[in-house]
Amino acid sequence: MGRPDPEEGQLPAPVKPPDGGWGWIVLLGCFVITGFSYAFPKAVSVYFKELMKDFHVGYSDTAWISSIMLAMLYGTGPVCSIMVNQFGCRPVMLIGGLLASAGMILASFTTNIIELYLTAGVLTGLGMALNFQPSLIMLGTYFDKRRPLANGLAAAGSPVFLSSLSPLGQVLLEKFGWRGGFLIMGGLLLNCCTCGAVMRPLDMGMKRKMGKAQDKYEAKEMLPIGGKSEEGISTTDGTKKGKKAKKKPKKGKKLLDFSIFSNRGFIIYTISKFILVLGLFVPPILLVNYAKDTGVPDTEAAFLLSIIGFIDIFARPACGMVAGLKWVRPHVAYLFSFSMLFNGLTDICSARASNYTGLVIFCVFFGISYGMVGALQFEVLMAIVGSQKFSSAIGLVLLIEAFAVLIGPPSAGRLVDALKNYEVIFYLAGSEVVLSALFLGVASYCCLNRGKKEPPAENNPPVGGGSDTEEAESDVQEAEEHSSDNHQPAHSTDNAVVVANEEANHVAEEQRGEGGGCPAGDGEVLARDGCNADQMVERDSF
């Protein structure tokens with residue numbers, strides 16, 4: 001199918017995700033970035049005991065280092081979205097890698113806790129944020145049908161790095177002290193620049209040239225030979241120009257798209273994630289010191305995080321494969337809700353663990369549930385808003401979650417200092433996670449039922465399914481450019497043309513059978529101009 005040429009002031013036509021090729025290299029880079037972004041704030045907790053001795057501060061003061069890192073990772077989401085939309089993913093990631101490394105190197109020379117907040121917390125956190133968000137955007141650009149699996153594999157970077165950085169941090173602490181450990185960690189973060197360098201954008205220009213040639217070839221194959229062919233070509237070009245003229249007023253590039261707040265599914269997701277983050281990161285951050293306070297040796301206490309990471313390594317890709325199944329993907333929101341419920345109940349049931357064996361059992365189940373949450377969280381968001389609005393959506397979601405990050409772990413650390421009891425903290429964190437799971441499941445179910453009862457209207461957006469997304473409109477309009485005049489299947493030796501013709505004929509058959517509409521049922525989402533089941537089927541969950 002032909003794609004319209006972007007005019008000045010218009011966004012280029014979206015390129016179909018290759019679901020492979022260079023995308024696997026992009027996936028590897030995203031794997032490393034995700035590992036550093038999520039594992040690093042937890043791994044630095046190994047140094048907290050020494051920092052408390054050197055700076056004469058309490059645990060709640062040192063816990064702010066991890067919290068500030070996570071808050072910067074989340075809170076700078078809108079800024080990162082604007083930078084990505086303005087400059088692209090690769091330059092932003094290169095700058096982020098330099099900032100993350102510089103923050104840890106400068107932190108090794110600090111003399112008080114405030115300087116640590118500014119260097120290891122703010123600067124390193126900002127650098128990781130400028131790497132993390134663009135890497136997810138690029139992953140969604142390169143993968144569509146295999147996106148759940150790709151998200152699961154990329155999310156596996158977090159446990160892999162957690163199981164590596166935590167023991168490494170303990171070794172560096174024993175041999176070089178916390179200052180030497182911070183310096184070496186800063187050098188490791190320079191690998192983020194390498195990952196940013198491989199984030200090659202899809203070649204828009206080549207795709208547009210192929211599309212123009214393909215348009216004319218399709219017209220010659222589908223229309224009678226002679227003057228009518230030329231007439232068909234000119235008609236096709238005229239139709240494209242007319243559609244470009246109609247699209248021109250609303251195709252101006254937005255640095256941050258706030259229209260996603262009109263999406264009911266996005267609102268439900270954002271509220272549930274806010275509640276989730278209040279308690280999700282508390283157990284792994286407190287785990288090492290909790291084990292040390294119960295008499296567990298330092299090396300074995302640090303190994304507990306490695307157990308979580310090892311289980312998490314397998315849980316995330318496995319959950320990604322399950323989420324990609326045809327009968328699961330349309331209902332991935334409920335799978336996400338179940339994973340959060342599993343995680344919260346694990347915290348509550350393990351609150352009384354008082355020996356090393358009990359802590360190991362807790363780590364096993366926590367690793368499974370935590371891996372499920374990590375593999376599904378961004379897949380659900382992509383399913384709700386679509387790839388075209390994902391850059392804005394993730395920035396706004398991370399900003400809202402930043403407030404929860406600033407509240408959760410520091411409050412837990414202050415309660416530990418005041419009560420000297422970790423059991424209450426685990427109960428509290430688990431209850432918050434369970435509440436978020438129940439809210440997401442119940443709210444999604446109610447909205448889904450309401451959407452089914454309402455009669456399908458041409459101008460009504462789908463319930464929580466990324467209403468009126470640019471991605472859906474572009475794909476539908478492209479399909480209709482040739483389906484209205486081409487009712488006979490074309491035969492060609494060119495594989496790309498055959499695939500394009502089959503898609504056009506499929507849309508034309510649906511329009512003739514249903515009067516130009518789409519069947520409203522499970523696993524399908526209504527759009528204004530037609531059906532795009534490949535990219536939008538999973539959004540029906542909301």
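Placed from the backbone N, Cα and C atoms, the Cβ positions cover glycine too.
If you check TrEMBL, you get these features:
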TRANSMEM  21-40  transmembrane segment
DOMAIN    23-448  domain 'Major facilitator superfamily (MFS) profile'
TRANSMEM  63-84  transmembrane segment
TRANSMEM  91-110  transmembrane segment
TRANSMEM  116-137  transmembrane segment
TRANSMEM  181-202  transmembrane segment
REGION    228-248  region 'Disordered'
TRANSMEM  266-291  transmembrane segment
TRANSMEM  303-325  transmembrane segment
TRANSMEM  332-353  transmembrane segment
TRANSMEM  359-378  transmembrane segment
TRANSMEM  390-412  transmembrane segment
TRANSMEM  424-448  transmembrane segment
REGION    454-525  region 'Disordered'
COMPBIAS  468-478  compositional bias 'Acidic residues'
COMPBIAS  503-513  compositional bias 'Basic and acidic residues'
Two-stretch contact, the transmembrane segment (266-291) and the transmembrane segment (303-325), at least three Cβ pairs under 8 Å: yes
Range from 21-40, 91-110, 303-325, 390-412 with the greatest count of C-beta pairs under 8 A to the transmembrane segment (181-202): 91-110
Range from 21-40, 116-137, 424-448 with most C-beta pairs under 8 A to the transmembrane segment (332-353): 424-448
Chain residues outside the transmembrane segment (116-137) and at least six past its termini with a C-beta under 8 angstroms from it: 26, 29-30, 33-34, 36-37, 40-41, 44, 51, 55, 64-65, 67-74, 76-77, 80-81, 83-84, 89-90, 92-93, 95-104, 106-107, 110, 154, 182, 189, 192, 195-196, 199, 378, 390-391, 394-395, 398
The transmembrane segment (390-412) versus listed stretches 63-84, 303-325, 424-448: most Cβ pairs under 8 Å: 63-84
Other parts of the chain folded back onto the transmembrane segment (303-325), taken as Cβ under 8 Å at six or more residues beyond its ends: 39, 42-43, 146-153, 155-156, 158-164, 166-167, 284, 287-288, 291, 332, 335, 339, 359-360, 363-364, 366-372, 374-376, 379
